[in-house]
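Colleague: What Swiss-Prot shows for this protein is this:
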| type | residues | note |
| --- | --- | --- |
| BINDING | Arg34, Arg66, Asp86, Asp113, Ala114 | S-adenosyl-L-methionine binding site |
| DOMAIN | 1-367 | domain 'Trm1 methyltransferase' |
Amino acid sequence: MILKEGEVVFEVPDKLTVTKKDEVFYNPRMKTCRDISIAVIQAFLNLYHKRDKFYIADALAGSGIRGLRYAKELEFNGELKVFLNDINPKAYEKIINNAKLNEIENIDVFNEDANTFLSKHFRFFNVVDIDPFGSPAPYVEQAIRALVTRNGLLCLTATDTAALCGRSKKSCLRKYLAYPLFGRDCHEFALRVLVGYVMRMATKYELALKPVFCHATDHYVRVYLVTDRGAKRADKVFEMLGYVKDVNGIKIIKKFEEGYEKGFAGPLYIGNLYDKALVEEALKIAEKREFSERVLKILNAIKGESAINQVGCYDTHQIGKMLKISVPPMQDIINKLKEMGFNAVVTHYNPKGIKTDATLKNVIEAIYQCTKIR
């Protein structure tokens with residue numbers, strides 16, 4: 001069966017399934033994720049990459065659609081090359097055939113274990129993309145080692161949201177060495193746990209990673225982190241880590257150096273998840289390339305979030321239950337908070353979640369005022 005995604009046509013098995021047993025894995029539900037990846041990596045190229053070569057690794061390539069789209073759709077004046085790898089021999093053959101189908105030549109294809117492939121390319125790639133079925137944790141260290149130590153971009157997908165979102169705490173502790181936070185904004189804390197884990201793993205190599213873009217969509221979370229080198233920079237990473245406890249919608253935050261206390265989630269990242277300039281550039285690129293309304297909606301929401309450094313969000317449904325009132329429309333609450341002098345947006349991951357620099361007391365006041373108006 002021949003399909004098209006972005007500017008790439010490709011062949012997949014007639015029966016599309018999404019399990020680990022698939023001979024050659026392709027998930028059509030991840031098109032939104034791949035579209036956003038194109039926008040984010042292109043934005044990174046435009047803003048931060050100053051050299052004449054740009055090498056990308058797609059270490060778990062499956063049918064190759066992600067890596068082939070990078071090779072064909074990313075715009076760069078210098079040498080752009082994508083290295084696609086999959087341990088499955090049939091996937092390896094499929095990638096080669098799909099590349100021929102699209103007349104794509106700026107690629108190399110490998111048939112190896114992902115960690116073996118990455119270990120053979122020490123400090124080589126400008127971008128390493130890990131898009132597994134499940135957790136990226138088994139590949140994180142080799143992915144970090146395969147990146148250039150300054151302005152390298154690490155892109156990770158995790159589909160094990162039961163662990164990261166707190167439904168399986170032991171699994172999260174085992175994979176990410178952290179306790180998750182289960183609640184209305186658990187998807188944001190899934191991002192923060194994953195980012196915090198990656199940052200900690202990098203410090204042993206005297207590398208400081210920081211997030212520049214993240215999103216939680218459908219059944220997965222996706223994070224993008226940029227590398228920088230130096231022991232002092234790596235030491236400062238721990239200042240951006242901590243522990244969080246949710247008490248009736250209020251987030252209590254402890255610094256990493258204070259240590260773990262029972263009932264808290266973490267260690268996790270407690271800083272801003274976004275590089276505002278990169279988010280704005282990615283949105284411009286997505287608009288120019290006429291990506292789907294859904295992609296634009298996600299990027300627009302994240303643009304608003306990037307200007308607010310709040311850990312978690314206020315869930316209006318939870319507040320309504322607590323106050324025993326009917327919650328007014330979200331946009332009314334947002335407008336009221338802005339009238340009160342605060343910045344406020346609806347989160348991209350929770351349609352009932354508000355990210356704002358206001359306190360919970362201010363949010364409750366805004367809800368009451370909107371209720372009276374109605």
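For all residues, glycine too, the Cβ spot is worked out from N, Cα and C.
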Colleague: Taking every protein chain shown into account, which of the binding-site residues Asp86, Asp113 has the largest tally of Cβ atoms within 10 Å of its Cβ?
Modeller: Asp86
Colleague: Relative to the Cβ of Ala114 (S-adenosyl-L-methionine binding site), which residues of the same chain, six or more apart in sequence, are found under 8 Å away?
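Modeller: Ala114 (S-adenosyl-L-methionine binding site) has long-range Cβ partners Ala59, Leu60, Asn85, Ile87, Ile130, Tyr139, Gln142.
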Colleague: Measure from the Cβ of Arg66 (S-adenosyl-L-methionine binding site) and count the other Cβ atoms within 10 Å, all protein chains considered.
Modeller: 28
Colleague: Just to be sure I understand the packing, how many Cβ atoms besides its own are within 10 Å of the Cβ of Arg34 (S-adenosyl-L-methionine binding site)?
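Modeller: Arg34 (S-adenosyl-L-methionine binding site): 19 neighbouring Cβ atoms within 10 Å.
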Colleague: Per-residue pLDDT averaged over the domain 'Trm1 methyltransferase' (1-367) comes to what?
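Modeller: A mean pLDDT of 95 is what the model gives the domain 'Trm1 methyltransferase' (1-367).
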Colleague: Among residues Arg34, Arg66, Asp86, Asp113, Ala114 annotated as binding S-adenosyl-L-methionine, what is the maximum Cα-Cα distance? Answer in Å.
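Modeller: The S-adenosyl-L-methionine-binding residues span at most 23 Å between Cα atoms.
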Colleague: According to DSSP, which kind of secondary structure is Ala114 (S-adenosyl-L-methionine binding site) found in, if we only use helix, strand and coil?
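Modeller: Once the DSSP labels are grouped into three classes, Ala114 (S-adenosyl-L-methionine binding site) ends up as helix.
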